[in-house]
Amino acid sequence: MTYGPSDNNMTSSGSSSGFSLIPGSEADALRKKHPAQKPVLTKKQPPGFFKIKGSGVKKFKTTSATMRKVIEATQKATLEILSKTELQGTRFGYIANRWTSFPLRPSHVEYPNQTTVVRVVAGDTYDQALAMHYAGNTIDRMPVCVLNFANAHTPGGGWLHGARAQEEQLCYRSTLNGTLHTNFYPITDMECLYSPNVIVFRTSVDKGYDFLSSEDKLHLNPSVSVISMPARSKPKLTADNSTYQDEGHRLLMKGKMQLILRTAALHNHRRLVLGAIGCGAFRHPPQEVANCWRDVLAKKEFKGWFEQIHFVIRDAPGENNFAIFTKTLDGMKMKIT
């Protein structure tokens with residue numbers, strides 16, 4: 001398992017000689033050590049508010065100028081938060097693979113008598129995780145674990161360019177990018193990154209990326225754990241684009257899903273926020289992906305390990321992922337028989 005920050009003192013064996021555990025580390029020191037990258041925005045208009053005429057409703061308008069402010073504010077806040085929470089492991093990330101996230105043992109099942117009911121909800125990944133965090137009434141004491149649809153080559157994908165896919169939205173709102181260290185990339189097919197302590201300190205784009213607290217208390221906001229898993233980009237599909245052309249792609253996707261679940265379980269997470277990984281820009285067929293999730297979750301290996309599994313789907317215009325995932329997965333019961 002490899003871990004640590006992205007600096008030149010990081011060894012290939014995964015030692016963290018460049019990582020400071022000195023109490024009271026200052027934000028200025030972190031800025032010098034890990035300078036923020038300058039946002040370089042594309043011409044795509046990825047947020048100010050504008051008013052819908054006659055409706056009284058305000059919508060958050062995504063423009064390059066407002067997006068640049070969001071990115072810069074997130075970078076600044078992240079450095080401040082990391083300087084105050086360094087001893088809590090907020091800069092740590094780990095590479096997980098089949099050697100570290102091995103198959104789950106039936107003898108170690110956490111909840112042998114529990115029925116896990118899979119739910120599919122429309123919305124935002126972090127919003128759902130925070131709702132689960134605040135809901136209470138849980139036997140799980142670990143942070144909610146969320147799935148990040150990661151870019152395999154670039155930490156945070158296009159977040160410094162104002163991109164608006166799921167990974168970028170996670171980066172705009174939290175300290176996630178501070179754990180996605182450049183020496184972890186590229187992420188290979190059967191690897192994922194595990195970030196144990198990511199602090200969520202901003203609202204969603206729908207609410208204007210507001211801070212969740214005063215700036216001096218951002219480090220006190222709730223934390224989640226994040227598993228960053230990339231899907232293959234644009235696999236070959238059948239003529240109607242409904243299924244994978246190659247059975248190997250299906251097996252690879254299922255292997256990735258198993259690695260996600262094993263990584264979560266072996267780190268003692270019992271509440272998961274998953275989603276339509278690969279659907280969207282990477283052009284994976286949503287029904288295929290939903291079917292793969294169903295087949296993997298039905299395996300005996302994963303029964304009795306999780307308290308809550310929620311799939312969060314946010315359809316872009318023209319997409320029908322929510323309906324597909326609801327029909328395929330919502331209400332699915334996982335129980336040891």
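Cβ from N, Cα, C; glycine included.
Note that TrEMBL annotation is computational and uncurated.
Taken verbatim from TrEMBL:
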COMPBIAS  1-11  compositional bias 'Polar residues'
COMPBIAS  12-25  compositional bias 'Low complexity'
DOMAIN    106-202  domain 'Microbial-type PARG catalytic'
REGION    1-45  region 'Disordered'
**Request:** Please spell out the DSSP helix, strand and coil residue counts for the domain 'Microbial-type PARG catalytic' (106-202).
**Result:** 32 helix, 25 strand, 40 coil
**Request:** Tell me, roughly as an integer, the mean pLDDT over the domain 'Microbial-type PARG catalytic' (106-202).
**Result:** 96
